[in-house]
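Colleague: Here it is, the structure in full.
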C-alpha cells in the first residue's frame with residue numbers, strides 16, 4: 001500500500017514550545033547540579049528525578065508541569081491537518097514516554113501520532129520517575145549514546161515497508177543538533193524543516209552550511225510557525 005507522506009517530528013522545541021526536561025528541572029528547590037562532561041543526558045535526568053523524589057515531588061506535579069507547556073505556534077492545526085490528510089505522523093525524541101504521552105493526551109493528540117520513539121519512563125511504587133535509554137549506540141557520532149534518531153527513522157521506514165506501506169515522501173521537523181542525523185537519511189524527494197532560531201538552522205545555513213548542507217539531499221524549509229510547514233506540505237498532498 002502506497003502512502004503519500006510520513007512526517008517525523010522532534011518533540012522539545014518542535015511539537016511543544018519549550019523543553020520538557022528543563023521545565024521539570026525548575027521544580028527543584030535547590031540549584032540543580034551541572035551535567036558532567038560526556039555524561040549521558042538520560043543518566044543526568046535520572047539523577048534529577050531522584051532529587052525531585054527526595055524533595056517530595058509527586059506524579060501530579062510532573063504532569064501538571066509538562067501539560068502546561070504550550071504547543072509551538074500553529075502546531076495543533078498542523079497535526080490535525082496531517083491527520084485529516086491521512087498522513088502518517090511519528091515522534092522521535094530524547095525526552096521520555098511519560099512526558100510525551102501525557103502532553104499528547106492533554107492536547108487530544110494521542111490518536112494522531114502513530115508511534116513515539118523515545119526513552120522509556122515509568123513511576124515506580126514509591127513515586128520515583130525512572131527512565132531508561134531507548135538504546136545504547138556507538139555507531140553515530142552525531143547523536144547521543146541513548147538515541148540515534150537517524151537509525152530510528154530508518155527502522156520505522158523498514159518496518160512499514162515490511163508491512164507493505166511505502167511512502168512517496170518523508171519529512172523531518174526538528175530544531176536541535178541531534179535532529180541533524182535523520183536529515184541525512186532523506187532523499188531529494190524529501191523535506192527537512194529546521195526551526196528558525198535554533199541549532200539545526202545554524203547547521204544548515206550561514207557559515208556552517210558548506211560543511212553540513214552537502215550531506216543533506218532533502219529540500220530545506222525553515223519555519224517559525226507550523227503554518228510554514230503546512231503551506232509546504234500542502235503542495236505534496
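Even glycines carry a Cβ here, placed using N, Cα and C.
The structure displayed is predicted, hence computed values, not measured ones.
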Colleague: Which one, 124, 154, 175, is listed by TrEMBL in the same Mg(2+) site as 10, 12?
Modeller: 175
Colleague: Taking the Cα atoms as reference points, how far is residue 12 (active site, proton donor) from residue 175 (Mg(2+) binding site) in Å?
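Modeller: That separation, Cα to Cα, works out to 8 Å.
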Colleague: If you count Cβ atoms within 10 Å of each one, which of the recorded positions 12, 21, 94 comes out on top?
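Modeller: The residue with the most neighbouring Cβ atoms within 10 Å is 94.
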Colleague: Find, among the recorded positions listed as 10, 175, the one whose Cβ has the highest number of other Cβ atoms within 10 Å in the structure shown.
Modeller: 10
